[in-house]
C-alpha cells in the first residue's frame, strides 16, 4: 500500500507546542487519505521547536498533492499549537511543501495549499477554487473593519489585544504593554524619584539634567549641550526626528509678513530677502495644522497650551540651515509678533522652544502615528480580507505587516484612548490628537506616501541646493533598492502573476488591493488610486506599502530618544500661553512654560520605550518564515539583502567620525514592519 511521509514543524516561540490530538488528511487529485492521528508511542509529539515525521498509509495513490487538512482536538484542556510548515514526501519520492505559520486554537482545523504562489486563474480544479473562496470567506468574518473615531483611517474590529485573531497577536503581550514598559523605563532611567512632585516646576535648565543622569547616548548628549544654538535648531529640520516639515519658500505667505529689514543682519550673500528667495536659499516650516487644535484639559490643576507657528529658515553660505524669523500664530498682528535672532536672548529662545513643541506634536500624531502606523494597518487588514495565503502578494507583504495590527490595537487600548498614557504628558492629549489626525487626513494622498514624490513636492530634492539632508539621501537609497528589480522584478513569479489580478483579472470580488483601495479612497484621500493599470503602477503601490511599514517608520520612530529626551528641545506640552509681545520673557517664565516634573518623566519614559527594538526583531531583508518556495524568489531575496547591505555600508562609512551620525535609514536598523 502506498505510504506518504509527513513532516510537521512546530514553532519555537513560547507555548508553541501542544499536548492536544493532531489529525491530518492528505488530499490529492485522485483521492484523499483517511483522517489519521499523528502520534508516536511513548513519544512527546509536537514539542516547541520540534520537527516530527509520520507515515500515512493509503489504499491507493492520491495523485498530485493538492491540500493538507490539519485538525487539533482537545486532549485535556485546549492547548494552542503553532504549526510552521508541513512537508509531504510522496511514494514517488517527490517533496511537496505546505507553509502554514498559523496558530491552531480550540478545536480548529487548517486546510493548506502547497507553497507555490498562484492566482485564481491558475487554479485548475474545483477543489482548490473552493479552498481559495472559503479561506477568504472565513478571513472576512475574522478580520472585520471598524471606525475607531470618525474621520480616521479604518482599523480592525477589536477593542483589546486579546480580542485579535491569535495569528496576529504578539507572542508575549507583556512586551508591548505600554503602561508596564513606560513604568519600567521611568524606573530604569532613575526618574521615578521625581514623580511624587508631579505638578511642580523645575528650577532651571540645569535642573532638567537631573532626569538625564542615566543617559549614555551620543546624540542626545550633544542635543543637551547645543540645543540653544540656531544651528542645532535648523539641523533638526534635515536629520532630526521629524525631517518632513522643511520646504522651499518660493514666495512669502501674506500671513507671515517678514521684511528684508527684519532679517538683513542674518543674510550673508549681500542679497535682499527677495533675492535670496529667488535664488532658492530660503525655506519655510508652517505648522498650520496645529491651528485651533484643542489643548489638553484632562488635568484641571494644570493649564496647557498649543501654538501654530511659522518658521522662516535660511540656507547660509556654509550650507547650514538657520532660523530667520518665527511667528507663533497664523494671523499676523500686534499681539502676534515676529520673533528674530536679533531679539532678546529669552524672547528668541522661547520662540524656538514653541516651534520645537509644535514640531513634536506633528511628529507624534501625524508623521509617526497616522502616516506609518494607521496607514499600514489599513493595508494589513485589507490584505487579510482580500488575499489568500497562496497569493504572491500575500506572501510578499505579510512580513511587512507583522504585529502592526497588534501594536495599533494595544495603542488604542492603552496609549491614545481616553484617559490613556497620551493624556498624561502631551499637550494634544484629551482629544487634540484625534482632531489633528482628522485634519491631516485632508492632505493625505497616495503621492505623499511615495517617498521621492514627497521630497520633490517640498522642493528639497536637490543635493546641490540642500546638502547634508541625509534623511532624503538615505531614504532615496532604500526606496530605490526596494522598488528596483532586485526586490520587485526579480521576484520572478511574484510581480508577473500579480499584474493580471491587480489590473482587473481574477475572480469577481477577489481583486487584490480592492479592500485597501476602497477604504483608502473613503478614509485617506479623495483621489487615492482606484485601480492599477501597469506593472510600474503595481510596483510603486507595493513599494509604498513595504517602505511605509519598514523604512519610513524606522526613520521617524527610532530617533525619538536621541532628539526628544532633552525636554527643552522637544517639550510635549507648554504650561504658559505663547507670548503676545517682546521683552517680557525671562528664564523663570520659560521654565514655568516647560513641562512640570511629572510630565517630563512620563515623556522621557515614553520616548525611551518607543525607541527600543522588539526582542528577536526582524530587520529589512530577513524572512525566516518561508512563505515562498520558488527558487527564483529565494535568489531574489538574497539579491535584496545584498543591495541593502551595500546601503548600510555606505551609510556607515559616511557616519564615521561624525558628532551627529545619521543612521535611521540604515537597513540593518530598519525592522520589517511597524511593531513598536
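Each residue, glycine too, has its Cβ placed from N, Cα and C.
Predicted automatically and left uncurated, TrEMBL annotations should be read as such.
Annotation source TrEMBL lists Ca(2+) 1 binding site at 17, 79, 80. Marked as Ca(2+) 2 binding site by TrEMBL: 39. Here TrEMBL flags 368, 373, 553 as Fe cation binding site. Marked as domain 'PLAT' by TrEMBL: 2-118. Annotated domain 'Lipoxygenase' per TrEMBL: 117-676, in sequence order. Look at TrEMBL and you will find 103 tagged as site 'Essential for stabilizing binding to COTL1'.
Among the binding-site residues listed here, namely 368, 373, 553, 373 has its C-alpha nearest to that of residue 79 (Ca(2+) 1 binding site). If you draw a 10 Å sphere around the CB of residue 103 (site 'Essential for stabilizing binding to COTL1'), it holds 21 other CB atoms from the protein chains shown.
Using CA atoms as reference points, the recorded positions 39, 103, 368, 373, 553 were checked against residue 17 (Ca(2+) 1 binding site), and the closest is 103. Close to the recorded Fe cation site, the chain also has 367, 369, 371, 372, 376, 552, 556, 557, 674: residues not among 368, 373, 553 whose Cβ is within 8 Å of the site's Cβ mean position. Within 8 Å of the Cβ centroid of the Ca(2+) 1 site, not counting the listed residues 17, 79, 80, the chain contributes 15, 16, 18, 19, 20, 46, 81, 82. For the pair residue 373 (Fe cation binding site) and residue 103 (site 'Essential for stabilizing binding to COTL1'), the C-alpha distance works out to 24 angstrom.
Between the candidate binding-site residues, 17, 373, the densest Cβ environment within 10 Å is the one around 373. When the binding-site residues 39, 80, 368, 553 are screened for a C-alpha within 10 angstroms of the C-alpha of residue 103 (site 'Essential for stabilizing binding to COTL1'), the residues that qualify, in sequence order, are 80.
Residue 80 (Ca(2+) 1 binding site) is 34 Å away from residue 368 (Fe cation binding site) when you measure Cα to Cα. Of all the binding-site residues listed here (39, 79, 80), the one with the fewest other CB atoms within 10 A of its own CB is 39.
Most Cβ neighbours within 10 Å among the binding-site residues 368, 553: this distinction goes to 553. The two recorded residues residue 553 (Fe cation binding site) and residue 80 (Ca(2+) 1 binding site) have their Cα atoms spaced 32 Å from each other. A mean pLDDT of 94 is what the model gives for the domain 'PLAT' (2-118). Cα spacing between residue 80 (Ca(2+) 1 binding site) and residue 39 (Ca(2+) 2 binding site): 17 Å, rounded to the nearest whole number.
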